[in-house]
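Participant: Per Swiss-Prot, the features are:
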type	residues	note
DOMAIN	5-120	domain 'MTTase N-terminal'
BINDING	CYS14, CYS50, CYS79	[4Fe-4S] cluster 1 binding site
DOMAIN	137-383	domain 'Radical SAM core'
BINDING	CYS151, CYS155, CYS158	[4Fe-4S] cluster 2 binding site
DOMAIN	385-453	domain 'TRAM'
Amino acid sequence: MSQSPKVGFVSLGCPKALVDSEQIITQLRAEGYEISGTYDGADLVVVNTCGFIDEAVQESLDAIGEALTENGKVIVTGCLGAKSSASGSNLIEEVHPKVLAVTGPHAVGEVMQAVHSHLPKPHDPFVDLVPAAGIKLTPRHYAYLKISEGCNHRCTFCIIPSMRGDLVSRPVAEVMLEAENLFKSGVKELLVISQDTSAYGVDVKYRTGFWNGKPIKTRMTDLVAALGELAAQYGAWVRLHYVYPYPSVDEVIPLMAEGPFKGHVLPYLDVPFQHAHPEVLKRMKRPANAEKVLERVQKWREICPDLTIRSTFIAGFPGETEEQFETLLDFVREAELDRVGCFAYSPVEGATANDLDGALPDEVREERRARFMEVAEEVSAHRMQRKVGKTLKVLIDEVGEEGGIGRTAADAPEIDGVVYVEPAAKASKRYKVGDFVSVKITGADGHDLWGEV
């Protein structure tokens, strides 16, 4: 029997891009291709790129260059593949003319066509060797579940719609089947992702789908309830990311706080507020009522006291005054956001924000970002100290001689904090990766926790 052709794979960018990579790798394995862990062991290399900010563009271009140098046969996909250069030609083909093919994001079919053209598929693919959940690039105990593609918003700082298109929601039955297969495969935590999770179903007018004979609307609240019910059967977690602050988000909070889904639909919201001053939000083309947002955050916490709120912000947006920036700092203090990320505004090629007046010097943008993070760290440290002395449920991610590293319901992988768990004193309390354990919290800083089983 002849040796199977081998494909190397490089995956860059956000969790949405990671899911695209998983889908491509799943299809490659289904058709009998092997995945190579090295450039020199591969017959060709696929690079899945990111093109959102300048640093990501450069990282992607460097990765393509490295793959060309080390292997020579490279197919490029992802967001950067949809980006044009200043001359109007494809940016990747202009910088790296030797690439075999370039596609945009979410393009499994096009990538496979390119692979077939340059590396014909084997005659006997091993479809049965591919698990029902597909090939995953995350650890076995957690996985990303992408519920839609694209975005209908036109935020002035963002070019995602030009690369990934308008919102396209996946059929609810398809989403539920993937979730079930993931839980069956041993996944303990599903991270629901999209460009705009709250808008799920808008494009299909919230039409009714069916799962196991039950009607389920293509709508975030209904999907979350169905996922919560499924997760409860497996003792697993569901975590919500990229939740745009629509009024409909209010309906999800009770699912986190009470009833059969409590402890399965995690009390965690990743809400990209971006700013708090109405004038800045208006220039960003974002919802512009910070007072109402504060009221909603307070109401959410009344309903669900354990709620963790993560958000991202931009400091130094064009035209942002010192007074407007201070409004943002006040908002972070009053809202007591648990987890916060902040970017100093950086012009993105193709974004309409580039045409706005009032661009700030680099040093002002960076100084504001640093001040913002100081305030955010103070708020986070204060909230983290409240957890000392409590016993929390922790999902173990790593185990070593010095103990384990895990996460609570308040911590998403990669972006939030962790819990450092002491080694188990008794054999009966030993734990392994993917286990849920009860941990008494003994210490905290602004980001992480320490505890013992």
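Every residue, even glycine, has its Cβ placed from backbone N, Cα and C.
Note that the coordinates shown come from a computational prediction; the quantities given were computed from them, not determined experimentally.
Give me the lay of the land around each of these features.
Facilitator: In the three-state DSSP classification, CYS79 ([4Fe-4S] cluster 1 binding site) falls within a helix. Around CYS79 ([4Fe-4S] cluster 1 binding site), the C-beta neighbours below 8 angstroms that are at least 6 residues distant in the chain are GLY13, ALA17, THR49, CYS50, GLY51, PHE52, GLY104, PRO105, ILE160, MET163, ARG164.
A simple way to gauge crowding: the CB of CYS155 ([4Fe-4S] cluster 2 binding site) has 19 other CB atoms within 10 angstroms, across all the protein chains here.
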Participant: Quick one: which residues besides CYS151, CYS155, CYS158 have a Cβ within 8 Å of the [4Fe-4S] cluster 2 site's Cβ centroid, in sequence order?
Facilitator: HIS153, ARG154, PHE157, ILE159, ILE160, PRO161, GLN195
Participant: Of the residues in the domain 'MTTase N-terminal' (5-120), how many are helix, strand and coil by DSSP?
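Facilitator: Helix (H, G, I), strand (E, B), coil: 53 helix, 24 strand, 39 coil.
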Participant: How big is the Cα-to-Cα gap, in Å, between CYS158 ([4Fe-4S] cluster 2 binding site) and CYS14 ([4Fe-4S] cluster 1 binding site)?
Facilitator: 14
Participant: In the structure shown, which of the binding-site residues CYS14, CYS50, CYS151 has the fewest other Cβ atoms within 10 Å?
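Facilitator: Sparsest of the binding-site residues CYS14, CYS50, CYS151 by Cβ contacts within 10 Å: CYS14.
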Participant: How do the residues of the domain 'TRAM' (385-453) split into helix, strand and coil according to DSSP?
Facilitator: 4 helix, 31 strand, 34 coil
